[in-house]
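Summarising the annotation, Swiss-Prot assigns compositional bias 'Gly residues' to 43-54. Sequence annotations record features per position, and here Swiss-Prot assigns phosphoserine to 53, 206, 276 based on a large-scale study or a structure entry. As annotated by Swiss-Prot, coiled coil applies to 69-136. The compositional bias 'Acidic residues' annotation in Swiss-Prot covers 271-283, 302-317. If you look up Swiss-Prot, you'll see 332-345 marked as compositional bias 'Basic and acidic residues'. As annotated by Swiss-Prot, repeat 'WD 5' applies to 635-674, with the evidence given as sequence analysis. Among the features that Swiss-Prot reports, repeat 'WD 6' is placed at 677-716. Annotation comment: Swiss-Prot describes 723-753 as repeat 'WD 7', evidence class sequence analysis.
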């Protein structure tokens, strides 16, 4: 009985825990379920463990806690899925927005860069136009003025010349440009008066000559025909004079149109302009014009007083500084080639006047007339070249001649250097670039008579260059030269080189403490010839450390060397042994020597510089120091990198680490001059054989040429690049040719002409 009640309770509990719509009948565990009434109306559910489905007429099931929980879980899962899809779409849209923003920013940067490039090109174009304008006309172009460029106008049909001809803006700009030219060349009122008198003399004064009465401004003007030519020409003279004065003085009347003036000049109807040759910017502008003869009776000039003519010529000749050089002292005066009053002179004056007026028209910016000549005019004269202001002083002075002015061209590699004393006044340009070394070049030496150079490098080699065997790499580029011989014997960097007597031998010193004597091979040798062991003559041994400086005296046939071991030695290079003649121990008193040189005025004296800033003069015959030069500056001792001697004077020049160059008197030891020469340490010096100029090199990558007369810099050349905070190591001047050379830490040597 108890078991049946427990089974019924379990069945009731199980039925209450089923979800909505399940109508299975409970039964004992392990037994077949018995039929139970369905929760809702309708037929009873069938047994077998499965609940019977409600019938077609079943109504809504009542809510239960499990059903509510199931619904909430289902809705929560659907919400999470939609949220995940929304997050994915949001991330995708954000990525797309970021991509579009990046594209927009990139386009803005590109636009900014293009605008910057356009402005840069516009600026470069303005600079080129100003340069071309200055070369062509000799005056600086005013960037504020806008010039009408007809050639740049693109149109599908023919350009109407009437539009530009009647434009007041073109007239105004042309007058302003002419006024600027006249003011810049000193074309004052006095010169204008002289020019007015000359125009009168060329045209003829109609009032006095022809006896005609000049019409007033209100009276109608006579046409430029045979009947009314006298009055018209006198009025033309007056209008031309007023126009010239207005252009120069800058009055308010300069803005008026001058069409009425040019309309009465019949010989301007057939002017034809030809463009100048664009291939040569320095050619003067040539205008070929066809002239039309005027009746000679209206152009008979009045015979002016000779004194007035001379005064005019003297006044105008004061401004004869624009000549191209063709009208020298021996050039004939075209105004005095014929007898006064002859038909040839009248014709020449008439042609000059026509050229003046035609060129005034060209400067004003007017296009040439395209209409034919008026009926009844004679045949035009053959064209001839006439420039503006042709009649100033009767010479060939013109704005076109300003184009003949020359400027220094950096790409022009040729320079007339026949006079070595005046060579420093010229511009030195790079011509040869020597590129065969693999490390910095420490020293240079020129051949005494040939165009050959010897270089010593830290790569352990010396190389001989024949500068006459140059190969052009490209147009307007420095010439490349290949070495004809490489000297190899040093065990380490080669630090110094010196050329022997007559350039038969050369000497090199290196970090291996050895001095090698070399025989110079034939300069015409083939670089690919076999090795000649006789090139190495012998070795001078005696130093205990690196040899930093060498100097050879052709007078005494002695070789001087300075070493890091603290000694200065004098050698007889022609002797096999013992080659060392004397030794000057300097380490205890002055320190380590850095450079040595022979004095030109006293062949038995040498001068040595030291790291301590001292400069000592030695006597080879006595074997002792003569004088210690006062080479230390006021700021304290600084290392001296090189010492050289003036070729004609008892003067020693030193290059210091404190950017200075000092000039010392060998007789007194006092400093003669001191100057700050570079922006960095001065490393090397060279004096030309005539003593006219000094060349200095520095770690600021610049070469500077100094006039020894006034100690001023006449030229600066940037030739080398820095490497390990070092730039230029050595400079040299050719003893007999107009050549200079420099060597640097960039493993390049450059030759200048």
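Every residue gets a Cβ built from N, Cα and C, even glycine.
Mean model confidence for the repeat 'WD 6' (677-716) is a pLDDT of 92. Long-range contacts of the repeat 'WD 7' (723-753) within its own chain (CB-CB distance under 8 A, at least 6 residues past either end) are made by residues 413-415, 417-418, 420, 423, 428-435, 437-449, 451, 453, 455, 457, 459, 465, 467, 478, 680, 683-689, 695-703, 717.
Within the repeat 'WD 5' (635-674), the DSSP-based counts of helix, strand and coil residues read 0 helix, 23 strand, 17 coil. Per DSSP, the repeat 'WD 7' (723-753) is made up of 0 helix, 17 strand, 14 coil. Note: the repeat 'WD 6' (677-716) comprises 0 helix, 23 strand, 17 coil (DSSP; helix = H, G, I, strand = E, B).
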